Amino acid sequence: RWRRGPSGERPGRGEAGKRQGRGADGGGVFQGWAGGYPEIVKENELFERYYRELGIVPADEWGAFMAALREPLPATLRITGYRSHAKEILHCLKEKYFKELQDLEVDGQKVEMPQSLSWYPEELAWHTNLSRKILRKSPQLERFHQFLVSETECGNISRQEAVSMIPPLLLNVNPHHKILDMCAAPGSKTAQLIEMLHADMNVPFPKGFVIANDVDNKRCYLLVHQAKRLNSPCIMVVNHDASSIPNLQIDVDGRKEVLFYDRILCDVPCSGDGTMRKNIDVWKKWTTQNSLQLHGLQLRIATRGVEQLAEGGRMVYSTCSLNPIENEAVIASLLEKSQGALELADVSSELPGLKRMPGITKWKVMLKDGQWFEEWKDVPSNRQTQIRPTMFPIKDEEKLKAMNLERCLRILPHHQNTGGFFVAVLIKKSPMPWNKRQPKVHQKLPQSAGDTEVAAANSDDSSECITEEATLAENEKSKNMQELQNSDTNQSKKEGVCGPPPSKKMKLFGFKEDPFVFLPEDDPLFLPIQKFYALDPSFPKMNLLTRTQEGKKRQLYMVSKELRNVLLNNSEKMKVINTGIKVWSRNSDGEQFGCAFRLAQEGIYTLYPFIHARIINVCIEDVKILLTQENPFLTKFSSETQKKVKDIAMGSIVLKYDPDPEKPEDLQCPIVLCGWQGKTSLRAFVPKNERLHYLRMMGVEVFKAKRKEEESESKTEEEVQHRLAQTEEGMDVEDKERDLVTKMEAEIGEESSHSPVESSAMEVENKTEDSDQSSKNANSHVSQESKDTDTSNVKD
């Protein structure tokens, strides 16, 4: 699709791409590469004619609307809200980094002080007039940029477009909600949903969970990387076509029930003309054809979403498009066929401070040649495959009025210096008309073909799935079929093995995933762990899993009991890419210290409430030593710490810092670190970016330290590697298994188009052979905004 540049590399997409170099004036013309690439002019006559005619913007605001579209999009960031460190990060941003931007000029342009988004709760979202390119390239902003990259890798900050933050906020998520994110990659909205589940940091396992789906196998790994930064046991990444995502089942008091979701985010693929400010290719590629082609898919995905929504549940439909064919037309069609089962929620009082326009009720359909149609009956037969009846507004005025389409939200770029966006919030009042009587499994379902295939694989004789008219003979037949189909599956379930679904049930693309194997209750592996760390009797050991059926178990992961239920009951029909957080890693020398497994920093906040031994409380000065020195001697620590260490045997330990309210100048949020106690030393096993995060929060200058650290690392790499191997089988800071993500990352996303991802996510235990080579190229940061910006399939 792309011509190669002089260096032979593929240009990037959007603001991050080299091809879109910006002049200092930030005007409408972008300079191409040297070597004859044409300038991209921000003009499209058809675009202006179409939207002027539809009147989506008040006539007196048209000039401001077009001017805003030609301006670069401001960089926006969001502080992870559920972390206890959020207030500390906010304080650090305001008092340190933002103050450094005062009176600063970059390329002759004055840097404006960042402003909080007035409608985002608790000042946790900010925007600045700095474009991403300037942030990355300017020497004056290097310290600020380094802070953003490092904190993003830790999961404390997400760089996410402002309008992209709106749908999760309107879902009104509570920690007990079961959530489906239908088109989730690259994961910025998914991350918000996870944060909301963990609103109470004192609850390690919320009752709710997020199932994040994407149809693109490669983008699923990017989704895993983004979600993994938040270290939640309540997230599962799956790979399905959203328009035919299978019905899942869960075990409720010994009987199978269909899983209905309390909240569904339906952020569908769209033409993306609301993203013109960052994806400037849209200017020259835009036609109405993109919307006409996507309308059917968008309607199918939304329909599948409301089918799986629980009664009383809420689904948010969103696009980064301004086109009513992709927006109000989809919602109107969905409302019409729901026959009163759905209604648009009035969210006018939610998110005060957000400027919005109401949804429109009248629109026309235009072909790419400029030909208009006002009604379906006007469409000639040779055009009736391109244009469908559901693309037109409802003619019945009473029906139209009852739909309340004005309750939809339209976000226009010039109102609050954002991208363009559309959001509709739907409430499900009763089952969809075609689902009112749950059909028997082997009967044909009036849904998509994909679901019929799933239903055949799902023929349990559950009360939810049998109609009243079902005869005894039919039940017997269904039961026999089920026994034949699932004999292997049942055996696996007994063993706690959740493998990939058989290929005959669905077409699988991409990497073959390793199974998810739950630890048996009597597994001898667990007893030494339980004893060594004095785990609480309430510790949910049934939720521990590994990714290997044979050989030594290298890593132990943990999921919530609700996700365990989903995994065990649906492995035959669901392609799971990743789930669970790493809580223990095998240590090569561990047995001689009483336990073969050391604690993993990734899962320490989940594990900590259950650990009653090997905990050392440290003061802030000790924390600074642990985070700035590689392997400090015990004599460097406070006398209190030295005394505590004497009573504890060598091996993996927990290092806990509790803030002192009487010392407000010190860090005022608790810290839990994984460590290792040697004969004469004490060290922390914490990933580099997380170290830098804690040091910043304690007021330690890390900018220069980082430079020195990098030089030091290059000089002493062999020595460090030798030391690490001795203590913990090559500490995975915080992982070696990056090969899959690295290989695929070159093709994904606007900012990641030539930046491979470092991922702690894909810890697949038998895939580490290639990791040494691939990890060399796997350290670049991937923006939260990475999206595939092909205009035929854009989703922000």
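Just so you know, glycine gets a Cβ as well, placed from its N, Cα and C.
The shown structure was predicted, so the numbers you read here are calculated from the model rather than taken from an experiment.
The annotation compositional bias 'Basic and acidic residues' is assigned in TrEMBL to 1-18 (among others).
What TrEMBL lists as region 'Disordered' is 1-27 (among others).
For 65-429, the entry in TrEMBL reads domain 'SAM-dependent MTase RsmB/NOP-type'.
The feature S-adenosyl-L-methionine binding site is assigned by TrEMBL to Cys183, Ala184, Ala185, Pro186, Gly187, Ser188, Lys189, Asp214, Asp241, Asp267. Taking all protein chains in view, 31 other C-beta atoms sit within 10 angstroms of the C-beta of Gly187 (S-adenosyl-L-methionine binding site).
What TrEMBL lists as active site, nucleophile is Cys320.
According to TrEMBL, the feature region 'Disordered' maps to 434-500 (among others).
Marked as compositional bias 'Polar residues' by TrEMBL: 481-490 (among others).
What TrEMBL records for 706-726 (among others) is compositional bias 'Basic and acidic residues'.
Under the heading region 'Disordered', TrEMBL lists 706-796 (among others).
Among the features that TrEMBL reports, compositional bias 'Basic and acidic residues' is placed at 733-746 (among others).
Residues annotated as compositional bias 'Polar residues' in TrEMBL: 774-783 (among others).
The compositional bias 'Basic and acidic residues' annotation in TrEMBL covers 784-796 (among others).
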### Message
Going by a 10 angstroms cut-off between Cβ atoms, which of the recorded positions Cys183, Ala185, Cys320 has the sparsest surroundings?
### Response
Cys183
### Task
Quick one: of Lys189, Asp241, which of the binding-site residues has the smallest count of other CB atoms within 10 A?
Asp241
### Task
Give the maximum pairwise CA distance in Å, whole number, for the residues Cys183, Ala184, Ala185, Pro186, Gly187, Ser188, Lys189, Asp214, Asp241, Asp267 listed as binding S-adenosyl-L-methionine.
20
### Cα-to-Cα gap, Gly187 (S-adenosyl-L-methionine binding site) vs Cys320 (active site, nucleophile), nearest whole Å
15
### Integer Å distance between the CA atoms belonging to Cys320 (active site, nucleophile) and Asp241 (S-adenosyl-L-methionine binding site)
20
